[in-house]
Amino acid sequence: MKLDVQILDARLHEQLPQYATPGSAGLDLRACLDAPLTLEPGSTHLIPTGMAIHLADPGYAALILPRSGMGHKHGIVLGNLVGLIDSDYQGQLMISTWNRGDTAFVLNPMERLAQLVIVPVVQAELNIVDAFAESERGAGGFGSTGRH
């Protein structure tokens, strides 16, 4: 798949967004900051990525996901947990960043902060029914299948 990308921050020309390995599902996104930013415990910030994308095809969407090391080692996760980018969005990608940890974290300019994953999308056509055909699970919700 080809992805139309606008580079909005000239520094990205030297460090184009890329997949870290041939098996990586996520394209690394960088913090396009002008200076280091201290993320205090409990604080949230919108961090620019310096790029915009246009998927154009309604059969695709993009997800902004946290980098596992940032969350596990430093408590830096996404403020919205997952960022959903619709196929018709054309603005700059922003990363909602939340320091859920108990110590301040310094985010440096051009540091890899999150990753972008392209996923297929199926838009459902609603079929209104009076009842569902019975299934083994039925309406059993949280924890209804037991611990394994």
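Even glycines carry a Cβ here, placed using N, Cα and C.
As annotated by Swiss-Prot, substrate binding site applies to R67, S68, G69, N80, L84, I85, D86, M94, with the evidence given as sequence analysis. For the recorded site, L84 (substrate binding site), the DSSP three-state label reads strand.
For the binding-site residues listed here (I85, M94), the lowest count of other CB atoms within 10 A around the CB belongs to M94.
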